[in-house]
């Protein structure tokens, strides 16, 4: 008898992709197919086998395979894209656009061919533009092509707030809107610690410093690593989104969604609060923004559109 589980394919077997695959398997969310280019097929198979051999120790039942053949990804429920060239110290997100856009288009054609009903979650940077590129190439409904940045950016924001207050991170809630870059918009007014507004707990200048650190969060880790970029928190964020989809949890999460008039913008992907469930993005939630918040979001949108101009 064949065991029928959900199926998730992770494209890109680097640090983020491999970590995502392992976390998905550990949580028994799905069988996992880890995919990379033919030149890296053996290392990809090796990573997958290594993860599988951890299953008796970690106590999880999930099959994991490594491959370079997209036929192995057929009929995936969710496809997570982490592939692309890595961001290096001093490299702007704009520098990544041309190369990663070509990579996205090639990957997307294979996904659409083998898993036409899948939901695609994109991580590859610059993620707002890359998600748009995938959407245009796939021809999927907008609800089924989603970018990941807000969960990660919000996680960083929550981490820094918890450290500042010496509170549990479990009790910190918040939202980060906009593009995944230096112009992202952490919404302090919609952020709480145990239901208490942050503005009543943390002095304004400290909050501003935390907001600024959140904006530079990815760059901070890139600088510390010296080579490569963050992968544990990005992988955990991808898994949270994938779990919400596979289990139809209808989670309220920040995600990169295609806008058609929401917040006053159209024809771009931008980080906004959404309801994430079995159909992908079930609904975009429009928050009322103050004038300064809307101005900040406008700047973020301008940055995203400037990156999109480089799309090939």
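Note: Cβ is positioned from N, Cα and C throughout, glycine not excepted.
Per Swiss-Prot, the NAD(+) site holds 12, 13, 14, 15, 16, 17, 36, 123, 124, 125; the candidate it also names there, chosen from 63, 100, 166, is 100. Each residue contributes its Cα atom, and for residue 16 (NAD(+) binding site) and residue 180 (active site, proton acceptor) these two points are 17 Å apart. Other Cβ atoms within 10 Å of the Cβ of residue 180 (active site, proton acceptor) number 29 in total over all chains. Of all the recorded positions listed here (125, 149), it is 125 whose C-beta has the fewest other C-beta atoms within 10 angstroms.
Counting only same-chain residues six or more apart in sequence, the Cβ atoms lying under 8 angstroms from the Cβ of residue 156 (substrate binding site) belong to 213, 214, 217, 233.
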